[in-house]
Amino acid sequence: MNASSERDRSLFGVLRQFRRSFWSVGIFSAVINVLMLAPSVYMLQVYDRVLASGNGITLLMLTLLMAGLCAFMGALEWVRSLLVVRLGTRIDLALNQDVFNAAFARNLEAGDGRAGLALTDLTLLRQFITGNALFAFFDVPWFPLFLLVLFLLHPWLGMLALGGTVVPGGVGLAEPASDQSTAGGSNQQSQQATHLADAQLRNADVIEAMGMLGNLRRRWLARHYRFISLQNLASERAAAVGGASKYSRIALQSLMLGLGALLAIDGKITPGMMIAGSILVGRVLSPIDQLIGVWKQWSSARIAWQRLTRLIAAYPPRPAAMALPAPEGHLSVEQVSLRTAQGNTRLQNIHFSLQAGETLVILGASGSGKSSLARLLVGAQSPTQGKVRLDGADLNQVDKNTFGPTIGYLPQDVQLFKGSLAENIARFGDADPEKVVAAAKLAGVHELILSLPNGYDTELGDGGGGLSGGQRQRIGLARAMYGDPCLLILDEPNASLDSEGDQALMQAIVALQKRGATVVLITHRPALTTLAQKILILHEGQQQRMGLARDVLTELQQRSAANQARMNPTAAMPQ
């Protein structure tokens, strides 16, 4: 049995956990719908018994009974609403952790920025359950009861009601089904247009400086106009069906009164039955109208459920891993390869090992796979082949909550989070002031932080808004060093640093080496190679050279001298 089917059962199993709550909602709905017969019975008794007898006491008793039943129905509706609200919340709580983790895992692998869509789908499901849609589906099975009572009053009344529900009901339910592709396309175009605008306007400085606004706006407008066109088409169809449904209901109720009057004139039914029939046909149509009104919600909820099913099937919850002792920093890369979903090879047969406390510098041209290797070394991505081990433990199988604090990672594109500087450095855990300050001092950013208006309590915007690129990189370095990790992977750590920042970085790496931390530096600047015990050279995703730093540097110098000699042979001739 495949994982997908197992996960399908797991998602539906969440609903089965709350089957008692669904049964309770169903029972309340049954009682409410049976009590909906009370107004028709009341009118039948008033017209056929009270008016004929002129008995005011009977009218009073019937009215009091009717008032009591209405109050009881109101109480049942209130309790039913509370049940579904709590049911939706409980289902959300049962699913949100798996959905959040799966959305995070997909974003980690694909990097498509669509993690929020899964959380939106979960919200849509909760709103579907807690809204009128669920009531409609519980009420629809009871419309045959009202139809049966109409047949009991007179077969012609039942036939008219049945015919009146088939036509508008069929049209109303068929239209959303046929319009599903239009609505789905409209939503997809809207999401794409919004995502495009967010991605483009995030770089407002570049857009303004180079006059790109008009070109980018045209790209956004193309998608936006497609969204508007599809939305208008869906809205026009919905308006046509809504108008037809509304006026067919009015026409049916009028015809029911007319037919009832005709039957009453012929003496086949009483005037009370005529009025009761008019009320009952409204009850027959009401669930159908509700179902038509929420059909699009049902379609959206079904699509959201299918997306969540596929998401959690593709990224199932990780089994709880046994807690391991804190690692010392022994890093082993065993024949690691990495390929993209499209089949492109990023890395091929990378293999090396580092003892605790060693420093490795990774060199290579742009696009050689350095950053991809960095992601593998911290367990942010799983290799297609091979293993990355820290103290013998596979990084893709360990508990990240345990191993994560022992690893420091500075990506090439440093992203800080909305919150205070102290929270960012402390990785949004329980911030230990001493550890926060120690990490900041180690990264050489303590004085810079103190110069800010609120020091360590300075609030950052999304992505570290309010700081320069160099400042973000130094704060990211402090975050990587927080908690004295045993392994640090620093991807282009000096890319945005000035001379002062470079000096602080060199001092920080020396301090880490003295503490016995294993450090991996990815850089294109030769200055950092002086700190390395080993050097790895990547070329087009392959390991071109790996060895002791002095041997690799000597080989590089000899190769460079040979290349210069070939390019300028006269320089090598004796004078």
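Glycine is treated like the rest: Cβ placed from N, Cα and C.
Residues or ranges marked as domain 'ABC transmembrane type-1' by Swiss-Prot: 22-300.
Under the heading transmembrane segment, Swiss-Prot lists 22-42 (among others).
Positions annotated as transmembrane segment by Swiss-Prot, on the basis of sequence analysis: 56-76 (among others).
Swiss-Prot lists 133-153 (among others) with the feature transmembrane segment, giving sequence analysis as the kind of evidence.
Annotation source Swiss-Prot lists transmembrane segment at 154-174 (among others), citing sequence analysis.
With a threshold of 8 Å between CB atoms, the same-chain residues lying at least 6 positions outside the transmembrane segment (255-275) that come near it are 43-49, 153-154, 156-157, 160-161, 164, 281. The annotation transmembrane segment is assigned in Swiss-Prot to 255-275 (among others).
Per Swiss-Prot, domain 'ABC transporter' is recorded for 331-565, and the stated evidence type is sequence analysis. Per-residue pLDDT, averaged along the domain 'ABC transporter' (331-565), amounts to 86 for this model.
Secondary structure at GLY369 (ATP binding site), as computed by DSSP, is coil. GLY369 (ATP binding site): 23 other CB atoms within 10 A of its CB, across all protein chains. Marked as ATP binding site by Swiss-Prot on the basis of sequence analysis: GLY364, ALA365, SER366, GLY367, SER368, GLY369, LYS370, SER371.
Cβ-based crowding with a 10 Å cutoff singles out GLY364 as the top-ranked of the binding-site residues GLY364, GLY367. For the recorded ATP site, residues GLY364, ALA365, SER366, GLY367, SER368, GLY369, LYS370, SER371 set the reference point as the centre of their Cβ atoms, and the other residues of that chain within 8 Å of it by Cβ are LEU538.
The Cβ of SER366 has fewer other Cβ atoms within 10 Å than any other of the binding-site residues SER366, SER368, SER371.
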